[in-house]
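**Q** A single structure is presented below for examination.
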């Protein structure tokens, strides 16, 4: 199954490993990317892995993934609580989509309990740390296999 999955990471995730390790863990975004690429290689999946602190760039990457990628994973970080633009872009992507959060957003401050972007995805994985990315990859791969049956 050679398919492409786009993985997008939002603001401040480039500081993983340094930023609030009690909440986000000690792994860096580079560690997470390496683990995703290792999983993808075993599963014969191609991944595009991106990070931006800019909402418009994330929107553009979602738009680029339309027609190019079979699935999409997004950790919108703080934009999940504010971005209708990301929600609208996610709604345009027709393949399986998963929102990932390293921390358990419902055990944090009340303003983090609402996610606009979650309306535009098929599943949310929250509170599993970096394993959430692997769970999302496995979910999307399974959805794509089931679609081919």
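Cβ from N, Cα, C; glycine included.
So Swiss-Prot says this about it:
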type     : residues                  : note
SITE     : 19                        : site 'Transition state stabilizer'
ACT_SITE : 24                        : active site, proton acceptor
BINDING  : 75, 81, 88, 102, 103, 112 : substrate binding site
ACT_SITE : 101                       : active site, proton donor
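Help me picture where these features are in the structure shown.
**A** Using a 10 Å radius centred on the Cβ of residue 19 (site 'Transition state stabilizer') and all shown protein chains, the other Cβ atoms total 11. In the three-state DSSP classification, residue 19 (site 'Transition state stabilizer') falls within coil.
DSSP assigns residue 24 (active site, proton acceptor) to a helix.
Around the Cβ of residue 81 (substrate binding site), the number of neighbouring Cβ atoms within 10 Å comes to 16.
The Cβ neighbour count for residue 101 (active site, proton donor), using a 10 Å radius over every protein chain in view, is 23.
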**Q** If you count the C-beta atoms lying within 10 Å of each candidate's C-beta, which of the binding-site residues 75, 103 ends up with the smallest number?
**A** 103
**Q** In angstrom units, rounded to an integer, how far apart are the Cα atoms of residue 19 (site 'Transition state stabilizer') and residue 102 (substrate binding site)?
**A** 12
**Q** Whole-number Å only: compute the distance from the Cα of residue 103 (substrate binding site) to the Cα of residue 24 (active site, proton acceptor).
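**A** Between the alpha carbons of residue 103 (substrate binding site) and residue 24 (active site, proton acceptor) there are 6 Å.
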